[in-house]
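Note sheet for the following structure.
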């Protein structure tokens, strides 16, 4: 540590609460909490929480140039002080006469020729060794290593050059150093290398850094550089050294000492101090002359390819401990993380802690963790009802994947229940796909292939193909008024009503089954509206009365039923006038559209068609019944565009699984991020050209990647199987073939051409039935296949049990399953050592072993795969 007339700080290496300020004198301070019993009345306030108390002063060092604190616990508070005349004096602060430092305090180490002492460094292991770096002298060495336990040698130096003063004790003078290095040069800075305490790193005036080994001082390793000031070793990376010249810092790696690893950005002013943080790896602090800012360089370690010389990432920032005061020096706290004390030229001190850079990390399961200093924090998600409603879409998709959402291909509508059953858009989507599937199966039975493709094209395309529409007029059922209401019928409109779920398949167009299902679900208002739209006002009143008397019914439904019973078709009646004005005040949308229908003119049903709170399927079904061939396509087109822009899944009923459906689903994914629903939906019945759409492929691949990230490998395999059934073109080609070692032909290809044998890998080693032959040799050249490393049987022989476990409960009869695709009989081998065998045997072996089962082979087969030791999340 260099001093001068500007204050410098030196922290005790073993006392976390003591430090020394040195300029023209040495002042020992103790730092502690403000207001504590140890803090005296005259303490200096360093921060809002800490204050410093002066313990001792030593004013006997007027020509002090540098100071170094003794590295061991005992003797306590022993310091070496280098002077401008080259002498090194040992002194202590605040010690009693009985302390161990009594014999060493006052001891002086005198060079042959007087010149300035620039730097001092204690050996961290042999603590009796003290290295001093001096200015150049043509007849003397610049680096002297003193042994503080050595005695005075009167014959070594003339007496007139030994004595410091007339009354000095000659027993305290040492003039013969233990080692002398660096002849005809100057030493500006030096440090001991922690990795080898016999080595010393010197920085000399001849612009070189040199490493000396005290066991052979005639040999040295050196490199030419201008950065020869302030050499210091990173305490957490002992091969990394920092040095500086003027405003530039060089970082060295002692293992590759030819040139600096990298240099930091040059500062406009000369540097005065550089120091590594003792509590944080790779954090370097620098200070420039006449500055109030300390610059910090955080050196990050990033993985890099072998052989590439890539500089590490450095994050630079500046801190300003004092608002306006110039900083003379600073010192890191030896144990408190990111804490330092700074001092100004007027000895004003400030204690502060740096804010740590925070690193955030999201896991694939949406858990959040962040690191701050030495602490790791995990963010726990609130499990309350509000948090349940605000779950991230990734969390929802993960939970749905665990419930096998999307995989029910028989009762397709149940998929919305697997998703939680609380999303009306998902409910509408899966019911739409369910009705499409039902009608498709009915068409297949009737062998009407021309209609099969029309079903999944959506109501928009179905309506456009409508022909032969007939208009009928029907009277109200259950009303005294015999007003005729016009309705429209066609085969395509009936198909649309079936897809909306209003009527069932077949010639019967009765809505009564649909009304009963709505009553069972407690949707009284919706059921009454559907009955009213089918011109059965008495049934609507009956449903409302039943709903009012139910356990959770609304008594106001009786009032609505009473209002319906007074229906009249007279345009100027009081009933019609009051219903038109008061219906908008009704909070329930289905009650509102009921009165809108009753008070509207034929063909002008905007109050029903554009009520956004009503389900799309009900509005579309109403339109198919009451709009003519000119009005219906216009309305469907307008509603389709609204659904596409909003990304509303109810619009799949209109678009179908077509390009318009992909556009709608794209808006939905952009809004929600739900690639899971998008993938399953598009696989249900889309034509080949839609499945080849890059957007659809992107959703599917992203969902597969999500399953892999969640370690749902079994579920991803299920999804791939599900996908290959619905989209045969997605089945990937075989990527691995087993070829014969003798003839080189593919065994699987040869076997696939053999009659009565099945295809591919599946038949190897599976007995199947007595009539099936075993494939234990190459079908091409009849040479035997390799042997299993454990059972020593030729591959193709069926496995019986898994040897190597030694536990009866772990053994299994692997031949009880007679399927040809039994996994335990498959070939498996290590890509490194090429040894292998039956998959079942290999799995059993590597449960208890890490090395290859072949004798004399030390290959760690299972550990070569980074995922070899991972456990699927869906099997935990």
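Using N, Cα and C of the backbone, Cβ positions are placed for all residues, glycine too.
Note that this is a predicted model, so its numbers are computed, not measured.
Record check, Swiss-Prot: Zn(2+) 2 site residues include 838, 841, and the candidate from 778, 781, 791 also listed there is 791. Matching 691-737, 738-784 against Swiss-Prot, the residues noted as zinc finger span 738-784. Counting residue by residue with DSSP, the repeat 'WD 1' (59-101) contains 2 helix, 17 strand, 24 coil. When the binding-site residues 778, 781, 791, 841, 861 are compared by Cα distance to residue 835 (Zn(2+) 4 binding site), the shortest distance belongs to 861.
For the binding-site residues shown (835, 841), fewest C-beta neighbours within 10 angstroms: 835. Note on proximity: of the binding-site residues 740, 857, 861, the one nearest residue 841 (Zn(2+) 2 binding site) is 861, by Cα distance.
Checking each of the binding-site residues (778, 830, 833, 838, 861) against residue 852 (Zn(2+) 4 binding site), the C-alpha distance stays within 10 Å for 830, 833, 861. Cβ environment of residue 830 (Zn(2+) 3 binding site): 836, 852, 859, 861, 864 lie under 8 Å away, each six or more residues apart in the same chain. Every protein chain shown contributes to the tally, and the Cβ of residue 791 (Zn(2+) 2 binding site) ends up with 18 other Cβ atoms within 10 Å.
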